[in-house]
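Features of the protein shown, as given by TrEMBL:
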type	residues	note
REPEAT	6-47	repeat 'WD'
REPEAT	48-89	repeat 'WD'
REPEAT	184-225	repeat 'WD'
REPEAT	281-311	repeat 'WD'
Amino acid sequence: MKPILLQGHERSITQIKYNREGDLLFSVAKDTVANVWYSVNGERLGTYNGHTGAVWCVDCDWDTKNVLTGSADNSCRLWDCETGKQLALLNTSSAVRTCGFDFSGNIIMFSTDKQMGYQCYLNFFDLRDPQQIDDNSPYLSVPCNESKITSAVWGPLGEFVIAGHENGEISQFSAKSGEVLKKVKEHTKQINDIQSSVDLTMVITASKDNSAKLFDSNTLENIKAFRTERPVNSAAISPIKDHVVMGGGQEAMDVTTTSTRIGKFEARFFHAAYEEEFGRVKGHFGPINCVAFHPDGKSYSSGGEDGYVRIHYFDPQYFDFELEA
């Protein structure tokens, strides 16, 4: 399992995302650049240039037409995937932390940070209405007073957004009315990452409280929990096996005080049903900030604090592996 090393960022990776077919991998980092790569060989296809601050989030719609990025330069930008042309610029009053297309690719959501006296907002735009873009006026803007949103994904059928908060809560926000449909608190500390399963029926949360948890998208019922000894920065669900991959490590600011041996920067594989760890993959020289499975389940990628993205293709043994209960 020799990884493909993608060198296209000068600073730590903040998010990586495959498109629906999995032939492209998008990566964003704290160095203002958004890159797109061919996932099969790690060749760089191009960059999306325009942001002037760290880029926190990236998403791609279902037919790989448009790319959405959110940045600390107080803007959310829409790009033409093929040409790299900027299609829309949505200015905000604080940094954009998380963004996403709904399944139709018509509605986008993004959340802004609570900073410099500004509130945390979850904003919804309909891309079919150019007026909303031109006036920079979302059709729905939901204030989050209690605790800021740190990560969010669309629920099934684009009816609501599932958001993770700084205080460990998870809530469902209706995309029609903006009301909070459900709210649960299963984590004790900040939620770093939320990712959906391939059929959108489940989400997995990664939290600073050293655990990742699997939830039902509709009911927010906690199905499984995966515990480690250190903060989990990101977790992803395999599309073909009952497997979960988790990436973590300690806080970036503590990295220099530990050796790479005990810093534990491996990606860790857990069985989704038995909650048992069955494998680890080394590689990054620093905490793993994000992980993602390829949509066909035959490879996965991780992006690290070291500024590299690694694509790992699984060995044949991985597919025959059965966990003895």
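Easy rule for this one: first residue shown is 1, then count along the chain.
Placed from the backbone N, Cα and C atoms, the Cβ positions cover glycine too.
Where the annotation comes from TrEMBL, it is an automatic prediction and has not been curated.
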Whether the repeat 'WD' (281-311) meets the repeat 'WD' (48-89): three or more C-beta pairs under 8 angstroms: no
Counts by DSSP class (helix H/G/I, strand E/B, coil) across the repeat 'WD' (6-47): 0 helix, 23 strand, 19 coil
Chain residues outside the repeat 'WD' (184-225) and at least six past its termini with a C-beta under 8 angstroms from it: 103, 150-156, 162-172, 231-237, 239, 244, 246, 248, 270, 272-273, 275, 290, 292, 295
Residue counts (helix, strand, coil, in that order) that DSSP gives for the repeat 'WD' (48-89): 0 helix, 23 strand, 19 coil
Structural state census, the repeat 'WD' (281-311) (DSSP three-state): 0 helix, 17 strand, 14 coil
Residues in the repeat 'WD' (184-225) grouped by DSSP into helix, strand and remaining coil: 0 helix, 24 strand, 18 coil
